[in-house]
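Quick look at what Swiss-Prot annotates:
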TRANSMEM  32-52  transmembrane segment
BINDING   Cys35  heme c binding site
BINDING   His86, His187  heme b 2 binding site
TRANSMEM  90-110  transmembrane segment
BINDING   His100, His202  heme b 1 binding site
TRANSMEM  116-136  transmembrane segment
TRANSMEM  186-206  transmembrane segment
Amino acid sequence: MSKVYDWFEERLEIQAIADDITSKYVPPHVNIFHCLGGITLTCFLVQVATGFAMTFYYRPTVTEAFASVQYIMTEANFGWLIRSVHRWSASMMVLMMILHVFRVYLTGGFKKPRELTWVTGVVLAVLTASFGVTGYSLPWDQIGYWAVKIVTGVPEAIPIVGSPLVELLRGSASVGQSTLTRFYSLHTFVLPLLTAVFMLMHFSMIRKQGISGPL
C-alpha cells in the first residue's frame, strides 16, 4: 500500500493538499453559529442521496406519479424512511439556510472583500427555495397540483412577457404532463447541478478569503 501511496504522492502531492486543508487558521471568535452553512451543505448531500434513491421508483407522469409515491411509502424496502428523511432534511435545509443568511448579515460577513461570496450565497438561497417549489409538485396530489398552478400563474401579471413566461414554465397553456416533466427535470438535474457549481464557488471564496472577523 505504501508503494501505491508513494506513486500517487509523487504525482499529485496529496500530503501538501491535506496539510493545506487541515492547517487553515480558524479565528477565535468562531462559534456554533458559524456551522450553519456546513449543516446546510450536509442537508443538501442527504437530499442528493435520498432523492437519487427515490428515482428508482418514482414515475414522473400525471397518471403514475401519485401511485409511485404511494409505492415508495408502503411497499419499497425502507422507502418510507428514505422519503421521510428526504422531507425532513428538506425542511432542515431551508431552516438552516435562513439562519445562515441571518448570521452572515448580522455579523457583517457580506462586506468588502466578501461581496461575491454574499452574491453566490443569495443565489444558493434562491436555488434552495426553487427546490422546495419543484419538489412540492412531484407527488402530483391535489396540494402539489394547485401549488404548481398558483406558482406558475404568478408571472401572468407581468406586462407583455407574462403570458409567454407562464407557458414556458408550464410547457403548455395549462398545467399538465409537460409541467410535471419540467419540474421533475429542474428538481433532479438542473437545480442540483447549479447548486453544486455555486456551492463550489461559494466555498472556494470562503477558503481563499477566510472567515470574516468579529464586528
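Quick reminder: no glycine exception, Cβ is built from N, Cα and C everywhere.
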From binding-site residues Cys35, His86, His187, the one whose Cα lies nearest His202 (heme b 1 binding site): Cys35
Same-chain residues near the transmembrane segment (32-52), Cβ under 8 Å, at least 6 residues beyond its ends: 82-83, 85-86, 89-90, 92-93, 96-97, 99-100, 103, 128, 131, 187-188, 192, 195, 199, 211
For the transmembrane segment (116-136), sequence-distant contacts whose Cβ falls under 8 Å of one of its Cβ atoms, 6 or more beyond its ends: 40, 47, 90, 93-94, 97, 100-101, 104, 109-110, 143-144, 147-148, 151, 183-184, 186-187, 191, 194-195, 198-199, 201-202, 205-206, 209
Cβ neighbour count within 10 Å of Cys35 (heme c binding site): 14
His202 (heme b 1 binding site), number of other Cβ atoms within 10 Å: 21
Of the binding-site residues listed as Cys35, His86, His187, the one whose CA lies nearest the CA of His100 (heme b 1 binding site): Cys35
Rounded to the nearest Å - Cα separation of the residue listed as 'heme c binding site' and His187 (heme b 2 binding site): 26
Residues that sit under 8 angstroms from His86 (heme b 2 binding site) by C-beta distance, when 6+ apart in the chain: Val46, Gln47, Thr50, Gly51, Met54
For His187 (heme b 2 binding site), the number of other Cβ atoms found within 10 Å of its own Cβ: 21
Cβ atoms near His100 (heme b 1 binding site) (within 10 Å, other residues, all chains): 23
DSSP three-state assignment (helix, strand or coil) for His100 (heme b 1 binding site): helix
